[in-house]
Each structure stands twice: as structure tokens, then as C-alpha cells.
Amino acid sequence: MNIWPLTAEPAQSVGGVPLTELAEGFGTPAYVLDEEHVRHRCREYRKALHPHRVAYAGKAFLCRAMARWVDEEGLWLDVCSAGELAVARSVGFPADRILLHGNGKTPEDLTAALEYGVGRIVVDSAGEVARLAALAGDRRHPQKVLLRVTPGVDPHVHRAVATGVEDQKFGLSLASGAAADVVRRVLLQPSLVLAGLHCHIGSQIGEPDGYETAARRLVAFMAEFGGLPELDLGGGHAVAYRPEEHGLDVPAFADRVETAVAEECSARGIPEPSLTVEPGRAIVAAAGVTLYRVIAVKHGARTFVVVDGGMSDNPRPVLYGSRYSIARVGHRTGAAETPVTVVGRHCEAGDVIAADVPLPADVRPGDLLAVPCTGAYHHSMASNYNQVARPPVVAVRGGRARPLVRRETPEDLMRRDVG
Ligand code: LLP
């Protein structure tokens, strides 16, 4: 699957709209999202995973338009808070195609999910089973739940996003017997139905091996209870942030896990569960481009290019050491490329967007820069550090642009300050 369609170098347009025009029309910094690309990825996933369920993980990026696109493309939606659920609900996303996640769901999260009637709630602890069972007790239909299991698989990714290893806040350990204990607790609750098992072993995983191991372990565990109808293998599929990187090969992944599940089920004499996957990043990352305007260029031991955004709109380099490519938009001929470090405007030396990246040596204030592959975990993780307003999200499609989320204003920021 092609996940690098936007960045014919140098990047000049997205969805048929010149980036210079977008910067003029919507200002900078701005997140630009290619609607066709998002929809295309949804379709590719449904095709590669057919007949299994594909649930888009809304934590990667969610707004009302995104929820509509995901619905129209027939995917399920994974939400992890009453807030994300409210977005889905506001566009009438079908409740039976929603999964609720979270290792610390609040009473408000659980109540909102039950009220809307979400298809699955993924339970994460014994205490949550008891709380949910009590809340679900007076409903006419029992609530379908999946149990999040920690399979003890190391996906070899940044430790902040390695969630399948034992020493872990997420899920119930297979090895310690906690998972088996909570399965028994769920089975005792008349208001809950155990639809299956779930695991999410991590994020930005480029190889299918960890998924295969996890699938085999979960099927073996299911067999202890005579099998279960569903197996949800979570998300975490890697994308290429830079041209030299590679993402997860999704058809190869599907092949590996389908074969592993079939083999384990037949060896244990249980029926095959239906499968679910929950990609977030792989659906939306490569559809996004962030535009920045250069504010200053400082030559010293190295050349710093200061832009009008930074760690408040992209915290990923600071949090995970993530690397990005970057391009100047617009043609100005003649300049050889030189290594520069593109930094933000925030009050920290760690506020770096891209270290040691090539840009034309005549880069200067006023130039427009584009950072590709910024559709996932950028807008959704943006902050107001230094009382900086968050950028807008602009959708492009068929040569037209429209705002999905408007730029924050100083008034927006002041409105909550009620002291
Ligand atoms: N399912 C569950 C239960 C998850 O916790 C996640 C992500 C996903 C699916 C989707 O994972 P994806 O396919 O997007 O990798 N902020 C980090 C990523 C955190 C992922 C958290 N959970 C980053 O910017 O890299």
C-alpha cells in the first residue's frame, strides 16, 4: 500500500490545492488534511482485512468530519473517553459500531457509553467489571464486552508506546493469571456478555511477528474457555514518516495473523473467532501536512530555522524522539541544500521539529515550510503551552479547501480563565 503519496519533492500542493494558497487563506501554522487520502486508506484497510472488522482509533485524530468519513467508509470507531464519544454521537455515528477503550474509564465515560449503547466496551480491570456490571444492571440487553489482555509481547518500539509487555498499566496479564480471574468475573455477571479478547501490543510497529505471537497466545487462552466469538488485535501499524522508512505491510500482516489464528484454533479444536483491528495512525498520518512560516534563521555552530509553531502543535519529537522530513514550499532556484535544525517558538531548548534536515541554503524569514505525515497524534496531542493558540485543521479535496476545526483565538484561551 502506498502511504507516501503527498510528498513528491518538493511538496507543492495537497488534494489539488497549492500549499501557498492554503497558507495565505488559513494562516500558519496550519494542519492540512487530504480527505481523499483518508478515505482511500479506509478502503484499503477494509479490502485487506475483509471480512474482519476495521475500527479506526479516534485518538489519532478526531473531529466531526473525520467521524463522518469513517462512518461513510464503513469502519468501526474506537473511542477512549466520553469526549471522543460525544464527537461520534454528534454526527450520529452508529452506536453498534463503536468500541470504548481506556485503562481508567470514569463513571462519566461508562455511563455515556451505556446510554448511547456502544457495541463493545473493552474492560481493563476487575474493578471496572464490577462497576460496569452495576451500571449496566438495569438495562434490557446485556452489554457486550471484550477483555483487554496483556500478552507479554515486546514489539521493540519506543517504551512509551510498548503496551504488550508485562510490567504495564494496560490490560490484564496472561502470565500472572489476572486475565483468567477477570474472565471468570465477567462470566458471572448477568448484565455483561463476554464477546471476546483484546490486546494492543504497541504503536508504530513495522513487522507482523509480535502480532502473530500475541494472536497465538490469545487463542490458546480462549481455548481454556472453549473459544470466544471475537479477537481484537488492536492497532499500532507503522507508517513511514520519512521516505527512507517503511510502514507495516497490511496484507502481509493480515495473512500472518489469519494463518496463526486458524492454526491455533484447529490445533485446539475451537471455532475461529472473527477478527478486529484498530489502526489509527495508519489511516490518517500520511494524509496530513503541517504548514509553518519561517520567523528567523540563526547561523552559528549550526543553522537554526525558527518557525511559528513547535512542540505545542507537534510534541512527538520531544516525547518520542520522532524524526520528520521537511520541505520548503514554492520554487526559488539556485540554492544548494544545507543541513539545518528546524525549531519551534516555545521556551525550551528541546522544542525541535526536525534536527539536521536539508533545506535550501537561502532559507529565510517568510518562507513557507511543509512537514508531511502529520495527520496522526498532532492535532489530537496539541497543547496551549506558552498560551499559544492551536492551529486550524483544513480539509482539502478535489481542488477545494474547507476548515474542519478553526484556529483557536486569544479569546478562546481566555474564556476558561475565570479567576
Ligand atoms: N487501539 C488501542 C487500544 C490503542 O491504545 C491505540 C493507540 C490504537 C488502537 C491505535 O494505535 P495506532 O494504530 O495509532 O498506532 N501518541 C503516540 C501513539 C500512542 C498510541 C496510543 N494507543 C504517538 O504519537 O506515536
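Keep in mind that glycine also has a Cβ here, set from the backbone N, Cα and C atoms.
On a predicted model such as this, the values are computed, not experimentally measured, just so you know.
Annotated pyridoxal 5'-phosphate-binding residues in TrEMBL are GLU278, PRO279, GLY280, ARG281, TYR377, and among GLY236, GLY321, GLY419 the one listed with them is GLY236.
Per the record's binding annotation for pyridoxal 5'-phosphate, residues GLY236, GLU278, PRO279, GLY280, ARG281, TYR377 show a top Cα-Cα distance of 15 Å. Taking every pair among ARG281, ARG316, TYR320, GLU348, TYR377, the residues listed as contacting substrate, the largest Cα to Cα separation comes to 27 Å. Straight-line distance linking the Cα atoms of ARG316 (substrate binding site) and TYR377 (pyridoxal 5'-phosphate binding site), rounded to a whole number, equals 8 Å. Other Cβ atoms within 10 Å of the Cβ of ARG281 (pyridoxal 5'-phosphate binding site), summed over all protein chains shown, number 26. Averaged over the domain 'Orn/DAP/Arg decarboxylase 2 N-terminal' (36-285), the predicted model has a pLDDT of 96. Cα of GLY236 (pyridoxal 5'-phosphate binding site) to Cα of CYS347 (active site, proton donor): a distance of 32 Å.
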